[in-house]
């Protein structure tokens, strides 16, 4: 029998040394890999089998509320609670008389091996038999890494020190808690606690984000509402003839939402000092399989997948409720019921709890310089991805010159292209927003012959289509073709006519997919496209949102060697053939119809033409020019994100109003075949709905050619941020005549190291929950100037299980990757 020790979990510092050799003489008798493999099939991890049999897992007294350490027998796979528990089932399992003794056990908390016979720690490395067995158990438990002990050595040491302090020196812990209470006097109901999170294996990116979400008390409040059984939602009818709203009884929330609620509850408990978010991470991996395998990941992507996953579950929940309200629980539905369900789903009576907390709105304002018509595009966002400039001004100017020279050459050679052969060398234009297209553009020389063959097939296809449609053209169209203006490029005898510039612009707007033989939809609707400078500036969730309307041609300048394509007249035939194929000739020019993709996972965009005063269309709530010079501040990043742009040259606006005026009336010819007018325009993206919780993402990870790099430049960010200089004059959720939209910093995610090997940590602010923020989210009460709350609190630096109090100066000097601000005014 082994001697009873007060701490069976403590491990010496050299437990994970790669060069250490096992010194225990009981390895041969105490290790049985065959029995382990059989025992670990469909096993429930981290639960004492004997306690579960005795029904003591749920009926524990309050003083044993914290889960005891669980030890795995390496002989038979038995899981028992350790010596620090009341029952000590792991020790009893060893002392039970058997023909073959069970000497060795493995801690499922810190993966240390203990020999009861030697009564001491057993050293191992990944190359020997014991290390291989431990690695196998870790993989079965869901923690996959080749050198487990070495990678987690620091975390093991920190966790063991914390456990020793917890068991041997209770008074010191009470003193630290009292000190925190003195620093931040809180009410017990609104107290926000800070705990460590276990690293499941390269999951620091997950832990850092969850630390900040756990410091968002309004999220916990809304999740309590979501979990309430029998929730009834009233949806206004889409048909004006119906007056009674539809009452929808919602089902329980989805598994990801429930796991999130359970995690926040565990973070609020007083007994646990370290939380293991295994269930929540498992649900995230089910929603997004890219996070499986315990590899290094991006914390901002994790945040987006998490929020989008919970929002999708809420949308599905409402859809099922609407279906049940119509009395159809089966999958087979008639068309009438399907249409009704879709109509009610489009009403969106109540936004999801994710949108209510993190959701804001961006408005892109575009004004034609010729007719002064103002058009708006509204789109929602959950976070803003801001550019981080890294002394690239020199490179940008060089790229600008290259683009300009290429444009001039293309204009000069456009007439010569009529007689050129189809086989002509060119460099394809990458979109600037897709890494795939960037790589494809660089490999275009190798695929030139293949692409040309595909283009020839497309040309034959659409020329055949034009021949079929030629008989439908009126005599007016034929006369137009015969009397084409000098300098116009005649694409086809019965197809659209346009100037060289127009043909070039149409050609440039074709998607890269056309080169692969795929059709692309080109809608004839007024719109603007992101300017070259705007590439890499908009947030990840809004970079491609303006694609709902016809883009004016753009020329990306973010990449070295990006040149405009040189097209022959045959290729222009293809482009205009595509244009004729996809245009709807029956559209009334008096109506501006925008086709919005119906995507349940992304918020729809709203397009409208406003009779706004052109002088105030681009005004903001507060002056913004002061932030145009300081390039190392978060305000300058916001300034770049919301700057006023000029749409000109290759990025002109296709103006519907000017196009109608060019045709001398609102009606085009029968086939809708008319001249498109591109004009210079102004464009600006501003915040039109300030979110309750503002999440800012600094785009530090960038691609330069084939290489990936991280921008390590320090970006200054304030404790109190005023968003007013970046909001529209008619911003929602802002008090009348207010010129301030204030946010208080409460969370930071920091990335240290390189892109290939780095570590995520979090800074979180322990504070009193804001009642004004809760009123804004729950009841829509807009905070007033006289109601601004205090932002006092204590900051903590959290690196997985290690939690340390830090001053605000250290927080402000950190290399921020994600910033979390809560609305205070």
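Positions of Cβ are set from backbone N, Cα and C atoms, glycine also.
Around the Cβ of residue 93 (Zn(2+) 3 binding site), a 10 Å sphere holds 21 further Cβ atoms from the protein chains shown. What Swiss-Prot records for 73, 76, 93, 102 is Zn(2+) 3 binding site.
According to Swiss-Prot, the compositional bias 'Basic and acidic residues' annotation covers 164-180 (among others).
The phosphoserine feature in Swiss-Prot is assigned to 188 (among others); the stated evidence is similarity to another entry.
Positions annotated as compositional bias 'Basic and acidic residues' by Swiss-Prot: 393-407 (among others).
The phosphoserine annotation in Swiss-Prot covers 414 (among others).
Residues or ranges marked as compositional bias 'Basic residues' by Swiss-Prot: 436-456.
The phosphoserine annotation in Swiss-Prot covers 520 (among others) and is backed by a large-scale study or a structure entry.
The phosphoserine annotation in Swiss-Prot covers 531 (among others) and is backed by a large-scale study or a structure entry.
Just so you know, the Cβ of residue 102 (Zn(2+) 3 binding site) picks up 22 other Cβ atoms within 10 Å once every protein chain is counted. The Zn(2+) 3 site, placed at the center of the C-beta atoms of 73, 76, 93, 102, has further neighbours from the same chain whose C-beta lies within 8 angstroms: 74, 75, 77, 78, 80, 94, 105. Comparing the binding-site residues 73, 76 by how many other C-beta atoms lie within 10 angstroms of each C-beta, the top residue is 73.
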